[in-house]
Amino acid sequence: MSELIDDFATIYPFPPKPAALTEGEKAGLRDNIARLLKACNAVIVAHYYTDPEIQALAEATGGCVADSLEMARFGSSHPATTLLVAGVRFMGETAKILSPEKTVLMPTLHAECSLDLGCPEAEFSAFCDAHPDRTVVVYANTSAAVKARADWVVTSSIAVELIDHLDSLGEKIIWAPDRHLGRYVQKQTGADMLCWQSACIVHDEFKTQALRRMKRLYPDAAVLVHPESPQAVVDLADVVGSTSQLIQAAKTLKQQQMIVATDRGIFYKMQQACPEKNLLEAPTAGEGATCRSCAHCPWMAMNGLKAIAAGLERGGVEHDIRVDEAVRQRALVPLDRMLSFAADLKRC
């Protein structure tokens, strides 16, 4: 498999950690948010990697906690006229692409994703132009502009199936932006894939030496790994899968202990799925490495109660997701293909 860049060495300016709130302040904000959601005919669409209190709030107010594929489905089908997307910016853009008639708000427009940042539209478009014989498949963790350049958009939950399908048609692939997920998919399918070389700052921090030590401490534990992790970490896994697939695995596996190599935000829904099991965070390189926050995305952490309340109260340029209409229409094509393909998989 060819590679575009040899090393992933970008250091991103991470946001400051949100200020701590008292329990009284949190209760007041939750009440205010519930009132604002009703007043705005809004619903919260939250990702598994947001903080547990945000996921609980989404559930309590009739919203959704899900992976990026289910977030897209939920937002486009829900009758609310306003979507409050608790996640990172590409998730808000995806919601707007699929639901242009709705107001899409985010707690902050500064919640980034290293995969998105690591795949600028101009450079990626030039790369695609240099390989016109290849089908362009981009991960959901990309900007609207990059999606608009793609033939397909895909999430980790259906990546192997989609690439296997395209490979069966004899198509050669450009894959972007996650290098680890790309390598995993290529290994599973044998497809001819030319991969962009970005990575998730959280999953890139999981290390084999530390994971082996933890496996020795918990020899009966199952190891669950997200495929955005380095290949050597994936090789130590009992189960490799997307967020929703890892939650399902934790529920169905016979082991009572799970070592989980993904963002620790997933533990909220995973523990709901298997309350009797012991969930353990897989070790990372730790604070001081490229991931400041030890298996928790610092941009996901920006989706706090104060920021959600501010988004609903103010809206406007600080919170309102806007996508150029020409870009939106082009990006809608590969997104619709993804949703149709995923629906076909469900029917099989």
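Note that Cβ sites are derived from N, Cα and C of the backbone, with glycine treated the same way.
Residues or ranges marked as iminosuccinate binding site in Swiss-Prot: HIS47, SER68, TYR139, ALA140, ASN141, SER156, HIS226, PRO227, GLU228, THR243. With a 10 A radius on its CB, HIS226 (iminosuccinate binding site) counts 28 other CB atoms from all the protein chains.
Taken residue by residue with DSSP, CYS113 ([4Fe-4S] cluster binding site) is part of neither helix nor strand, so it is coil. Within its own chain, CYS113 ([4Fe-4S] cluster binding site) has VAL88, ARG89, PHE90, ASN141, CYS200, CYS297, TRP299 as residues 6 or more apart in sequence whose C-beta sits under 8 angstroms from its own. Marked as [4Fe-4S] cluster binding site by Swiss-Prot: CYS113, CYS200, CYS297.
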Secondary structure at HIS47 (iminosuccinate binding site), reduced by DSSP to three states: strand
Chain-internal residues near TYR139 (iminosuccinate binding site), provided their CB is under 8 angstroms and they sit 6+ positions away: LEU115, VAL153, VAL154, THR155, SER156, ALA159, TRP175, ALA176, PRO177, ASP178, LEU181
Chain-internal residues, separated by at least six, CB under 8 A from HIS47 (iminosuccinate binding site): VAL65, ALA66, ASP67, SER68, MET71, ALA86, GLY87, VAL88, MET91, GLY265, MET300
